Every structure is written in structure tokens, then in C-alpha cells.
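Undergrad: Annotations per Swiss-Prot:
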DOMAIN    6-209  domain 'Peptidase A3A'
ACT_SITE  Asp26  active site, for protease activity
DOMAIN    226-410  domain 'Reverse transcriptase'
BINDING   Asp296, Asp360, Asp361  Mg(2+) binding site
Amino acid sequence: MKSKGNPNATFITVKINDVFINAYVDTGATICLADPKIKLKWVKMEKPIKISIADKSVQEIWHRAEMVEIWIRNYKFVAATVCQKSSGMDFVIGNNFLRLYQPFIQGLNYIKLRAPLDKDINQPSKMIYIPVTTPSKILQFAILEKLQDILFELHVQENSKTPLELKVSSTLEEVCDENPLDVKNTNTELVKIELINPEKEVNVPNNIPYSLRDINEFSQECADLVRKGIIEESKSPHSAPAFYVENHNEIKRKKRRMVINYKALNKATIGNAHKLPRIDSILTKVKGSNWFSTLDAKSGYWQLRLHPQSKPLTAFSCPPQKHYQWNVLPFGLKQAPGIYQNFMDKNLEGLENFCLAYIDDILVFTNSSREEHLSKLLVVLERCKEKGLILSKKKAIIARQTIDFLGLTLQENGEIKLQPNVLEKLELFPDAIEDRKQLQRFLGCLNYIADKGFLKEIAKETKNLYPKVSITNPWHWSDLDSKLVNQIKKKCKDLSPLYFPKPEDYLIIETDASGDTWAGCLKAAELLFPKGTKNKVVERLCKYTSGIFSSAEQKYTVHEKETLAALKTMRKWKAELLPKEFTLRTDSSYVTGFARHNLKANYNQGRLVRWQLEFLQYPARVEYIKGEKNSLADTLTREWKQQ
């Protein structure tokens, strides 16, 4: 079947069930096809019929509608139609229709058909002229109609805003600007970058072969940064080479990104100890929220001015024979994330119950009504205004029940999903990994997904890839390795959303050990109250974790590995598990006994005693998932009692 993208495709306007539809005229289709969303009297056939379409493929059809009324230019036509989901069209006029109402004549801008005689509606039999519509015209009309709808909706929204919504809009306008050093930026703090050895000169020779494109882009970009006061010409003895990168994100933006190699400077300077918040701790904070807003600090780092003594350290070289230094905190310094996170944490101090920042991304979250959420958002905006923090208006997303944040999509029903761009990056890697660096990047991307809890038993699948990263092992890549990478990528294409538990949900963890790997999953038992039925409990998957036992741990007995798997899983989710009782499910009756009976503190069992003491801090109710009737459970319980 031809697609709507074919500029020569023929469409005519028809009316079915009083709804006007752009129907595709397909001389290669055996019979008329309709999308299931068109409400016809569908009848399931005893056996499917096979139809051929224009691309020569054959498909099975199970539902058919007889005597479908199709109105064209106020003339009634009738034809049998079958239901097909994958046609890509609302309605396709096939050969059964064209043969029934022949002669069928097709011109450049029209088609002609013979309308049938219908005495019931006084319709004569006659040839009718039907103008055709091309896909480009359909698209033009659709865009125009959509634009009109959007403009009307914006007009209605603007005139129907509540006083609170208007206040939020006006305050957002006041704190937004495209220039991070606008007069709105009233921050007077000056950032210091200090050398470990103040006498050291950090000067990296620039031996990069620049292209003519590089020279032109550096000239334009640096001139713009000088004009904005972001950089200035320098006579510093320090220098780092600048270059352009064009990775996946840059290709999507259609703009290359300037990068400065501050590797030598980072080795020579004192770091910053302020830590970035962990993603899991962020998710713990926002659990149970049903309204979200995100704000973005405009060119975040650039809102912090450098101390005059620190500016020369940031000097960089680029063509054509230029030497600049930064007036603001540049990207690429090892101290930059910690410095900026500290800046944001101080500015938003006291708002932690409904607001958090991850570097330059701000998330406002509430479990409340929309109005209450907007009230909290207004507090955050007014704080930004007070502190002179400039935001990006085009990146502000206000009062949503589903929102993207840090590579995740947060939903008000408690589910979280990976954003598509994260999986796109993984898909870009070839199956046949070329070298160690590419393998490191692949595993790093995979770890990002695994750390969010989306991958089940991923350690078992990647355990043979990690040794290849080590330079002590000769590089070798086999067809089996390529097959494994392909399998992992396929697995990542179909990741189920995870549930983020509410405070009132009861938590369950399930653990297992197998050979040299361990795995666990976290579930939440959610109590539902469906209308007209009894209350029911539904277990929802929250996240997975897994790992590889160390070489020493791999020598442990099966029972010890099962116990250690439970401990490692509880350590991983300690923050979620410690506050209240939860259930630990295991298929090891040994672990059940381990949790119930105290060990004797003797030198033969020192490791197990330490594990049991650690176990005691968790309010776990251990459940043997194979049931109490398992004879091994009784045997092992007696074994524990004798110790």
C-alpha cells in the first residue's frame, strides 16, 4: 500500500456515519478497508480472508461489514468493507468498489465514477466528477486547522486564567531571560578555583588540526560570547585547547558544541566536596506526588561569576590564533557540578518539602490540588527572583501530571518510564563493539538504565563483557559477544514502566543467587478500592537490581550466597526499607532459618554472625516462597535450632 508520504497518492473526501474522511483510492487493494475506529457493524467471520495490497503482501482479515454506506458528493454508494488496523489510513477504497461503480476514470486532478441508481432516495444513475486531494494539501489543511485550534485555545486559556495562574505567569516572566548575566542576575558570589601548587603553570599545547568550518564557527561563537561578557581576551600563561564535538545530541540540535580539554587543569586544582543528590533519593522525595513543574536555570554555570584571580586559570586557545578566558564558571571543570549544586541548594533552602534541584534543573512536586501546586510553584519563583536566579522560559513546564526529569518520565499514577532519548543512545552502539573505550561507553549507558531499576538480572548478561574492559586482558571480540550485545539492546527496547511506591504501600523484596551472580526486585503491594467490588491488593514492580559476586564470595556455599544476595539487595534499597516492616521473599529455606534463629558467636561462623547482626537492623518478615510444606524447610529449621 502506498503511504501518505507519496506525493502522487490519490485521496477523495467521503462521508461515513456523518463523518467526513479523506479516503485513499488504492487500485492495488482487493477490497475496501476501514480502520477499527470507524464504527461499522463488524461481524467476525468463521475463517479469515486473505487480501493482497499494493506492496504485494498478503494479510489475514477477521472482521467484515456488509452494505457500508459511503457518501461521495451527496451520492450514495454501498460496498463491503473489511477491518484492518495496520493500513495506516482511516479508509481505503479498494477494487471491489471501483469495479462495482465502473467505468472508473482517473485524471490528474479528478476521478470519475458512475453513481448507482437508488429509487429510495430518488438518486439517478449518472457519472459524477470527484476532485482529488494530494497528501501535501491534506497536510496543509491539517496544519492550518491545528494552528487555528491552538490559537483559539491559547486565547481562551489566557482569558480564563485564575488570579493565581496570572500571578505565576507574570512572576515567571520576571525571572526569565536569555542572557545569564542580565541585570536580573543579582548574585554577588565570586567563585574561586585554586591550584594545588600556586606556582604551577598549566599550559597544554594546542596541536589540533582545525578545519575551515572550525575556524568560522569559533570566530562567530567567541565573538558572541565576548559581546555578552561571558569570555574576554586573555594574556594568561595557562591554556587549554578548545574543539568542537558533534555527537548524537548535537546532531539532533543541528549545532556543534564547543568543548575545552581541562584535563590537565583538573589534575592541578583543588576539588569541591559538595555532592550531587542521588537519583534514588530524589525519587524517594517525590513519591506520592501528583502534580509536577520543572524549571531550568538559564545556562546555569554561567550565572556564577569567577573571582578575578581565577579567570586566568580558565584560559583556552582556539583558531584563528585566539586566547580567551572565562568571566563565568565554565563547563568542564571538575569543581563545577559541586559548586553549582551548592549554589542551588543554598538558594532553595527551606523549600525542600516541595522543591529540589539537580544542578540546573529544578523540580517542584506536590501531592495536592492543582491550585495548591501553583501556590508552591509561586513560592519557588519568588525565591528565584529574590536570589537573582535567571530561568529559561522556553524550558519551563508548569503544572503537569506527567513530566520528564533526569531521563525519566514521572507520572501521577506512580509509574516511571525511561525517556526515549536514553534508549536511542543505547541503540546507536553497533553489535560488534570496536574497542575498549566504546565498550566502556556501552556499559556506562547500560548501567545508567540499570541504576534506575529497569533491567532484570543484567549482571548475569554482562558478566562476560566487563573483563574485556581491563587493559590487562588482550582485546578480543567474538560473534558471541556481538550476539549478546544485540540481545541486550533488544531487551532494552521493551522495558515495562516501573511503579514508584506511595508512603502507604507495603514493600516486598524478592532475592535470588545463581552461580556467580545475585539479583533482587522490589515490589509494592497497593491496596485498591474498585467501585462495586471488594478491596483487592495488587503487587506492582518497582525496580530490579543485580550484581556479580566477588572472587572471594564466589567460593561461598550456595546457602551463603543466597543469604548474601538478600543482604546485598537490602543494602541497595536501605533508604526505602528501613522505616517500616516489609516482606523478604526467598526460595532458600536456609535464609528463612537464618532470619529466625540466632547463631552462636564462634570463630567458625564469624562471617555469618556479622551478617545476622546486619540483618537485625531491617524490619523484615521473611517468607519462603515455595510454601511451608517443603520438607527441606523443616530440615533446615531443625538444623538452625541445633546450632
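Every residue, even glycine, has its Cβ placed from backbone N, Cα and C.
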Undergrad: In this predicted model, what is the average pLDDT of the domain 'Peptidase A3A' (6-209)?
TA: 82
Undergrad: Using a 10 Å cut-off, grab the number of neighbouring Cβ atoms around the Cβ of the residue listed as 'active site, for protease activity', all chains included.
TA: 22
Undergrad: On the three-state reduction of DSSP, what should I expect for the residue listed as 'active site, for protease activity'?
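TA: Note: the residue listed as 'active site, for protease activity' is coil by DSSP, not helix or strand.
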Undergrad: Only counting partners 6 or more residues apart, tell me which same-chain residues put their Cβ under 8 Å from the Cβ of Asp361 (Mg(2+) binding site).
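TA: For Asp361 (Mg(2+) binding site), the qualifying residues are Thr294, Leu295, Asp296, Ala297, Phe405, Leu406.
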Undergrad: Using a 10 Å cut-off on CB atoms, tell me which of the binding-site residues Asp296, Asp360 is the least crowded.
TA: Asp296
Undergrad: Whose Cβ lies within 8 Å of the mean position of the Cβ atoms of Asp296, Asp360, Asp361, the Mg(2+) site, other than those residues?
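TA: What remains near the Cβ centre is Thr294, Leu295, Ala297, Gly300, Ala357, Tyr358, Ile359, Ile362, Ser392, Lys395.
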Undergrad: Between Asp360 (Mg(2+) binding site) and Asp26 (active site, for protease activity), how far is it from one CA atom to the other, in Å?
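TA: Spelling it out, the Cα of Asp360 (Mg(2+) binding site) and the Cα of Asp26 (active site, for protease activity) are 53 Å apart.
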Undergrad: For Asp360 (Mg(2+) binding site), which of the three DSSP-derived states applies: helix, strand, or coil?
TA: coil
Undergrad: Would you identify the secondary structure of Asp296 (Mg(2+) binding site) according to DSSP, in three states?
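TA: DSSP call for Asp296 (Mg(2+) binding site): strand.
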